[in-house]
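See below for the structure under consideration.
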Amino acid sequence: MTQDDLAFDRRHIWHPYTSMTSPLPVYPVQSAQGCELQLASGEQLVDGMSSWWAAIHGYNHPHLNAAMKTQIEAMSHVMFGGITHAPAVSLCRKLVAMTPEALECVFLADSGSVAVEVSMKMALQYWQAKGESRRRFLTFRRGYHGDTFGAMSACDPDNSMHSLWAGYLPDNLFAPAPESRFDGEWDERDIVGFARLMAAHRHEIAAVILEPIVQGAGGMRLYHPEVLKRIRRMCDREGILLIADEIATGFGRTGKLFACEHADITPDILCLGKALTGGTMTLSATLTTRAVAETIRNGEAGCFMHGPTFMGNPLACAVANASLELLARGEWQVQVAAIEAQLKRELAPARAAETVADVRVLGAIGVIETHQPVNMAALQRFFVEQGVWIRPFGKLIYLMPPYVISPEQLSKLTDAVLAAVAHPAHFAP
């Protein structure tokens, strides 16, 4: 890329969560291979983000590339209305087989946020078909479900960027975020606020929606599996649907194939995305039970009212099939367990740093929470100088590396994080 390209980028192109008039610096990437990004300037950066948690097999994986090359020779896209094709059928067959038994109906969409929108629309249409006006969703504070309007309405209304949209979004119900840590003691008080809200509004609630075990972009918080068990029982008792948003956690990130497995529960609706294609193309899936699908079918519309232009994109489905084939080999379990052990060992010294409030690890997720917000520009520059790509936010420096990362590459990431928290200049005063 030329300096003119970078100047055009700075003046004309919005990047995620970035000002157009005073944007943060961007780093031009020329190529990616395995677990490393090569900058246009020639530096190699070990990637600790998996491109926002999606590239679980690393970059330029030959099995994924081969699947896309083969598919693009046949067709890159065809509409899914009135048409079907082998890549979509094969993918949905795999998803039905690998998710909990009750989840047998699949809706393919284009992104994680859309998968959440689809799940919420399913819940609303379900109750419309049953003749009940249930239009609210119950969830936890500190949650994050995406940036589209329906998804935003289920995100924390106060402790997130979505407070900007107060007054425009549907009025949903928010219980206090769970405080019992994943690896700690269960505190019965953790579910009291949630239970009270459900009891008070049970005839208004279409569904509970939550991120199982890991509250991702809302704070990278890891909570106790008992929370899920209690909520599943409450939903069963009140006849309320349970939506599990596993966009970030699905496909092995927490050490289980799906985070719901930590509590041995099955949701009524399951949202998947990010790692579905191994980080190569945008694709998501929303799965539900036969009972939910048939109830929607019997409603006034006679069908589920949603249909994205790129629904079931053959190219994305083909590479998703290849990604799931890699997962089916089972190597991810050993890889994630090794990453977890190394993260626990190598991030532990950060607890002694004055800048650090907490350190937590689960599966291939390592989180350092700091007392003060990070100085994004300064810290990003520092990480690049250290030869790593880590994208902190708020008071969080976290790692979600590809599963195929080597111990040496992972140590380079953890060394950079330890060096970062040793310097107060990397944080807001």
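Each Cβ is built from the backbone N, Cα and C atoms, and glycine gets one as well.
Quantities reported herein were computed from a predicted structural model and do not represent experimental measurements.
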Of D158, D171, D245, D358, which does Swiss-Prot put in the pyridoxal 5'-phosphate site with G112, S113, P308, T309? D245
Same substrate site per Swiss-Prot - residue from W14, W52 joining Y144, K274, G307, R391: W52
Under a three-state DSSP reduction, the secondary structure at W52 (substrate binding site) is helix
What whole-number distance in angstrom separates the two most remote CA atoms of the substrate-binding residues W52, Y144, K274, G307, R391? 34
Near the Cβ of R391 (substrate binding site), how many other Cβ atoms are there if near means within 10 Å? 17
